[in-house]
Amino acid sequence: MFRSTRTTDQWRVGERLQCPAGHARAALARTADGGAVGPFKCVFVGEMAAQVGAVRVVRAVAAQEEPDKEGKEKPHVGVSPRGVKRQRRASSGGSQEKRGRPSQDPPLAPPHRRRRSRQHPGPLPPTNAAPTVPGPVEPLLLPPPPPPSLAPAGPTVAAPLPAPGTSALFTFSPLTVSAAGPKHKGHKERHKHHHHRGSDGDPGACVPGDLKHKDKQENGERSGGVPLIKAPKRETADENGKTQRADDFVLKKIKKKKKKKHREDMRGRRLKMYNKEVQTVCAGLTRISKEILTQGQLNSTSGVNKESFRYLKDEQLCRLNLGMQEYRVPQGVQTPFTTHQEHSIRRNFLKTGTKFSNFIHEEHQSNGGALVLHAYMDELSFLSPMEMERFSEEFLALTFSENEKNAAYYALAIVHGAAAYLPDFLDYFAFNFPNTPVKMEILGKKDIETTTISNFHTQVNRTYCCGTYRAGPMRQISLVGAVDEEVGDYFPEFLDMLEESPFLKMTLPWGTLSSLQLQCRSQSDDGPIMWVRPGEQMIPTADMPKSPFKRRRSMNEIKNLQYLPRTSEPREVLFEDRTRAHADHVGQGFDWQSTAAVGVLKAVQFGEWSDQPRITKDVICFHAEDFTDVVQRLQLDLHEPPVSQCVQWVDEAKLNQMRREGIRYARIQLCDNDIYFIPRNVIHQFKTVSAVCSLAWHIRLKQYHPVVETAQNTESNSNMDCGLEVDSQCVRIKTESEERCTEMQLLTTASPSFPPPSELHLQDLKTQPLPVFKVESRLDSDQQHSLQAHPSTPV
């Protein structure tokens with residue numbers, strides 16, 4: 001019969017599929033010797049004649065494959081549909097991959113095999129390179145093989161035939177693993193779809209698929225026991241998409257380590273001797289000229305001894321009270337725990353040309369555009385008492401200095417920490433003067449209760465927590481004696497403590513800068529006064545105190561009790577602790593005149609002390625030159641008390657609007673132990689941030705009230721010009737005010753042309769409103785008063 005190469009290949013495949021290894025070799029030998037029959041006859045093997053399944057398989061393989069209408073091969077008779085699908089996918093995928101196109105049918109690999117992982121995936125599905133069952137995949141992927149030979153292509157292990165008693169077809173036992181040979185270079189190529197195929201030139205490169213079941217280690221060696229040749233390391237892609245080899249990455253890492261060590265060796269290690277908490281002036285970090293430190297006194301062995309010696313030299317220089325050139329504030333050392341704003345303020349020194357210029361700091365606020373003057377007591381602690389007085393004079397002269405329009409240059413001046421030597425105001429009066437009557441408001445109500453300062457101190461102590469207390473504020477009390485409806489008393493010991501400060505000694509109502517000449521401090525009508533505020537806070541309705549005064553309910557309230565929805569019922573109440581914009585002034589009516597103000601702040605502590613001073617007030621001050629514009633924009637009623645001069649609160653939106661209109665302002669936060677000075681014509685508003693006890697008073701500066709000196713100069717000039725002696729007459733100038741009515745007499749010499757009283761105050765009337773004058777003779781006057789009896793009369 002006729003025999004072709006294709007028939008021989010199919011016979012080999014059939015024998016290899018169903019027979020064991022030994023029987024497959026024998027069948028191949030018989031086929032080579034001519035023992036095979038034609039394509040339309042059955043081949044019966046002697047050893048396998050009893051197995052019907054084997055006969056069916058051999059008959060199906062020996063049958064001539066006829067293509068269908070579409071040009072595809074018909075499925076084999078004895079092959080299951082699953083095997084046919086695998087053969088079709090393998091054939092179509094291989095042909096497409098040969099043409100450079102990926103196969104349309106996806107491989108049968110499980111989804112986890114598409115992602116490269118280092119775990120053992122288990123048995124792999126058949127691929128193009130190494131099929132699990134050696135079948136017709138190899139002839140489809142490779143060109144026609146050479147003439148058949150007896151030597152097999154490679155050591156292959158075929159599944160044994162099923163037992164004679166079994167009737168099922170293709171029931172294979174688990175595959176056995178054979179020893180793998182050496183892996184040649186270029187054995188497998190990486191495809192973009194993670195498929196592997198054998199090389200075209202080497203028929204032995206097609207390794208059976210059971211080699212793929214071996215575990216792989218990280219170093220590329222197989223765990224089968226036989227070491228393989230390591231494949232070249234793949235290039236890894238970095239973040240930028242560039243590929244770099246692993247050895248290059250290791251080299252770069254080593255170079256970086258070497259550079260880092262080299263830099264550490266070059267820099268050297270420097271020990272930190274001081275912590276942040278001790279980096280102060282007293283820690284030995286001050287700068288002293290090198291001429292003072294002699295080389296013989298220094299210990300070159302220890303750096304700590306050097307710093308200790310420097311500290312001792314600083315202390316000696318401080319005791320000697322040397323000049324500011326020899327002992328100055330260090331430039332590089334600042335006090336600890338300073339905020340960024342405070343640090344920037346301390347860096348800006350005001351160049352006054354004096355030796356105290358390093359202690360005066362000027363702040364130009366970028367938002368508001370106004371100027372603020374600052375001084376810090378921790379820097380002034382180096383000064384002697386005499387130098388402190390000289391510095392106070394210079395600082396206050398700058399504070400109240402004015403331009404040609406009689407407007408102050410600075411909106412506010414602050415001496416931070418200047419009141420630290422004073423005791424807590426509330427504790428002082430509660431323990432030393434417990435029966436002093438005070439007027440106390442009820443929190444959130446308009447009722448006023450009169451109690452003692454000791455009882456008020458107890459309520460504050462009971463409700464104080466974290467900077468605020470939930471008791472009513474204490475209204476102002478006078479410290480220089482109560483007049484009419486005022487509350488307070490005269491406390492000379494406390495006033496003496498205030499005068500210990502050089503800043504307060506000059507700016508008290510009877511101070512050296514004041515125009516008043518009082519015989520006793522109790523005659524002052526400008527203060528000081530003291531009051532206590534709890535701080536702005538939100539208070540739940542359950543914590544709101546009830547009013548002690550019962551009032552009759554109206555019919556409207558009784559009707560509202562029928563239905564109160566929870567949405568409309570307030571659950572908490574905002575307690576506003578604010579003083580709206582106002583201008584400090586003295587006098588009423590035509591005697592109204594703006595004046596300066598001084599204040600001292602003491603936070604209510606009750607045992608909660610901290611290194612950093614607590615913020616107590618949030619202040620907004622407008623520039624004195626914009627006084628008229630601010631009065632018009634805010635609609636101020638200057639003749640009202642300070643509490644009711646303005647009806648609206650100036651917030652950030654209003655400030656921004658006024659700033660766009662050219663009005664300058666300064667926003668400052670005042671802290672515990674601060675002393676502040678406000679020049680005249682400066683409109684300001686206060687908001688209490690935390691519980692604070694405040695002192696305040698007005699000061700009538702000599703530069704604001706030059707009336708008495710002008711009157712005396714005019715009197716001397718008139719006495720020199722007048723040559724006639726006539727009976728002396730008394731001119732009584734009566735000034736009427738709302739609070740009091742005082743009379744003042746000026747003794748002058750009568751002349752035929754007596755000058756009117758308005759000429760005596762010609763210079764003062766240019767900037768102040770005219771008071772009401774009454775001229776009477778001395779004979780008709782029933783009462784006589786001297787100028788020294790009432791020196792505090794505003795004129």
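Positions of Cβ are set from backbone N, Cα and C atoms, glycine also.
Here the structure is a predicted model, which means the values were calculated and not measured.
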Residues flagged as motif 'Nuclear localization signal' in Swiss-Prot, choosing from 252-263, 732-743: 252-263
Same-site Fe cation binder from His639, His684, His705, given that Swiss-Prot records His582, Asp584: His684
Nearest-integer angstrom distance between the alpha carbons (Cα) of Asp584 (Fe cation binding site) and Tyr676 (2-oxoglutarate binding site): 14
Inter-residue C-alpha distance, Tyr676 (2-oxoglutarate binding site) and His684 (Fe cation binding site) (nearest angstrom): 12
Distant-in-sequence Cβ neighbours of His582 (Fe cation binding site), under 8 Å, six or more positions away: Leu636, Pro642, Val643, Gln645, Cys646, Ile683, His684, Gln685
C-beta crowding around Tyr676 (2-oxoglutarate binding site), within 10 angstroms: 24
DSSP three-state assignment for Asp584 (Fe cation binding site): coil
